[in-house]
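Notes follow once the structure below has been shown.
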Amino acid sequence: MFFKTLKEAFKVKDVRARILFTIFILFVFRLGAHITVPGVNVQNLTEVSNLPFLNMMNLVSGNAMQNYSLFAMGVSPYITASIIVQLLQMDILPKFVEWSKQGEIGRRKLNQATRYITLVLAMAQSIGITAGFQAMSSLNIVQNPNWQSYLMIGAILTTGSMVVTWMGEQINEKGFGSGVSVIIFAGIVSSIPSAVKSVYDEKFLNVRPSEIPMSWLFVIGLVLSAIIIIYVTTFVQQAERKVPIQYTKLTQGAPTSSYLPLRVNPAGVIPVIFAGSITTAPATILQFLQRSQGSNVGWLSTLQDALSYTTWTGMLFYALLIVLFTFFYSFVQVNPEKMAENLQKQGSYIPSVRPGKGTEKYVSRLLMRLATVGALFLGLISIIPIAAQNVWGLPKIVALGGTSLLILIQVAIQAVKQLEGYLLKRKYAGFMDNPLETK
């Protein structure tokens, strides 16, 4: 189905241009992920670049952090900045609340604020991680460890992060899919070969012949688990609750009734990405403090455990963040107040529900139930592989396997739907003012 849609899409000039533009941007992203930042000893990075709290950053950047490349920070600062801006719109800063109600003009102001916050966070996080790596390693990671070197490396990494953010915006405007999600998708896909190699090395190289059958059983189990996760995730991500609506006034050609689709998981995979980004920066600071203060500082160890996927406390904290962000982002994606207002303006209503405040309360209750299902789903899919890796000592690929598949499937579904939308537009191009060009 996907390949058939892709084949049809390539026949449309505008769609073909968007696909090729997206591929070009992703090529530049992957190129930058292999260019190491000047002033860093890459060969000394192995000791610290595989720390558990950096797994998420390595995942979304396609191992760019492991190489300490130009794009090592990836979109993590932008994601954190987006969370901050969305929180500030919730009656915290009046100016941000005002902008959120100004339509397109307000959206531009909020985007600009997000960029400024991204710049500050990227600089702070870049210098912090560089200094932290230097403190945690027994070898010199920074060739000349002085404040000028830290500032230079921080500036380069910050520039790289801003460039990646700009790439995401360009994909939004001229390419396919949500820019940030597509870049994360590319990072995960690029990590697959190295992940497969690590499983092969661990399970098939330098093992006794008697252990080979168990290795094959592990691989079969891993593949079957991935298939199950793909099937369940695809089903849940596309499932929706259809809320019937009716029209108070009939106009020529208008339907007498319709429905309002609410997704079973309104937040998508954004909560998982948010939770991973939130845990990365504090964990870096704690690692740095613990190495500089000594390993016997109890409160530092406790906090570090709370942010590490390798402990049960850390897993529960990660799951809690996913649940909280699922509820938060569900109400960001589907605003009950605005939805009730729009229905009333359109002269439509939900049967047996009073328009206005009654509709708002009804949608809020329904959204809360759907978000609960979505939170449980995202939490389980993300946590079960991590727990399995911790209990049975499975390869690292397993720990974030659920998260990776969630993101890959969601981005793929969005891309297919967008392609189908363009093809549908082409089908009815004869009824539109600006039909899409072919050939």
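Just so it is clear, glycine is given a Cβ too, placed from its N, Cα and C backbone atoms.
Since we're looking at a predicted model, the values are computed, not measured.
What Swiss-Prot lists as transmembrane segment is 19-39, 68-88, 116-136, 151-171, 176-196, 216-236, 269-289, 312-332, 373-393, 396-416, and the listing cites sequence analysis.
Under the criterion of 3 or more C-beta pairs below 8 Å, with sequence separation of 6 or more, the transmembrane segment (176-196) and the transmembrane segment (373-393) do not qualify as touching, having fewer than 3 such pairs.
Remark: the transmembrane segment (68-88) contacts the transmembrane segment (151-171), by the rule of 3 or more CB pairs under 8 A. Most Cβ pairs within less than 8 Å of the transmembrane segment (373-393), among stretches 19-39, 116-136, 216-236, belong to 216-236. In this chain, the transmembrane segment (216-236) does not touch the transmembrane segment (19-39); fewer than three CB pairs sit within less than 8 A of each other, excluding pairs fewer than 6 residues apart.
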